[in-house]
Amino acid sequence: MERKFKKFLSASSIDDPLPPIVSGNLSDGELQQQFNACVSYVSPNLDSEFAAEESIISPKVRIITFPEIPGLIYAPSMIRSKSQLPLLVSIMKDGMKPNSSSNLDLLFQEGGSLGTKAKPNALAAIPTEGLFSKILSQTWEASDALISLFRRYRWVALGVQYDWTTKEYSWEAPPSPIPAELAKLSTEICTVLVGSSGINYKPQAGIINFYRPGDTLTGHVDRSEPDDQSPLVSISIGLDCIFLVGGPTRDDSVLPFRLSSGDVLLLMRECRRNYHGVPLVIPGSLPQCLKASALDGCDISEEESLALRLIDDARINVNIRQVWPS
């Protein structure tokens, strides 16, 4: 199945047609007919910070569930278009600091494992204010090397530190702060999507994943958290991707999604132990709200201009989860 979806962009070369794909572009009727989906709508509490006129969350949220995969909730376009660029700046500026583990640590360490950073021969250490802020303080010419380094990010851990390469938590390492905006947003998403079931949710760890066309995430099961019941909140920003979610074994059938910028997935209870993966990132699928050309002439900040430059060929997935049982 994963190999089939890697050929998504050249479907004419596929002997067997692709199965239907869940997408926010499908009507309620199409979702119900093709996927036996249940569709409902909710308006977030107007007293909520994120439900205000300038909120991040859409004033009307479409909630899609699938009886065959209990614990999975899909909320397409839950993040408003006009909120995605400011959110992207927050992710890049506040969520990607040197006190968080990342794949770039291997460039600054001896031995290639989590530990004390050592200055490598070819690169200077990540500045304390983070690469994003450092780039802004440089001249356009001087920033090129830092931008090249930034583009080498593949993952950044938030909260309880996690090595995405080994799929293991570093329990001894001090946690890095989860940016307040992401912590509040993930908590609000839980409240909107699962109501009282999300009241006790605590954002304790997260991963910022970077994907570019050609990158994949092999099907796997998350087994690292002691708490495997509480919601995991997943937010997509940037390019579209194909996301597959199956059951507890590789032999189970999979449900394919085309996730777009602003879409939210929530996995909880038994779905936390289901196989899932990303076989394809779709080039050329950046939304208008994140295209520099579409915003030409608009009043955007230097931070927003840099974020547009860094997301032009990428997809960011931010997932926030609870680690310890309540």
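Glycine too: its Cβ is placed from the backbone N, Cα and C atoms.
Quick look at what TrEMBL lists:
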BINDING   His220, Asp222, His276  Fe cation binding site
DOMAIN    202-324  domain 'Fe2OG dioxygenase'
Which Cβ among the binding-site residues (His220, His276) has the fewest C-beta neighbours inside 10 Å?
His220
Around Asp222 (Fe cation binding site), how many other CB atoms lie within 10 A of its CB?
16
Counting each residue once, how many in the domain 'Fe2OG dioxygenase' (202-324) are helix, strand and coil under DSSP?
18 helix, 45 strand, 60 coil
Beyond the listed site residues His220, Asp222, His276, identify every same-chain residue whose Cβ lies within 8 Å of the center of their Cβ atoms for the Fe cation site.
Gly219, Val221, Asn274, Tyr275, Gly277
Along the domain 'Fe2OG dioxygenase' (202-324), what average pLDDT does this model show?
89
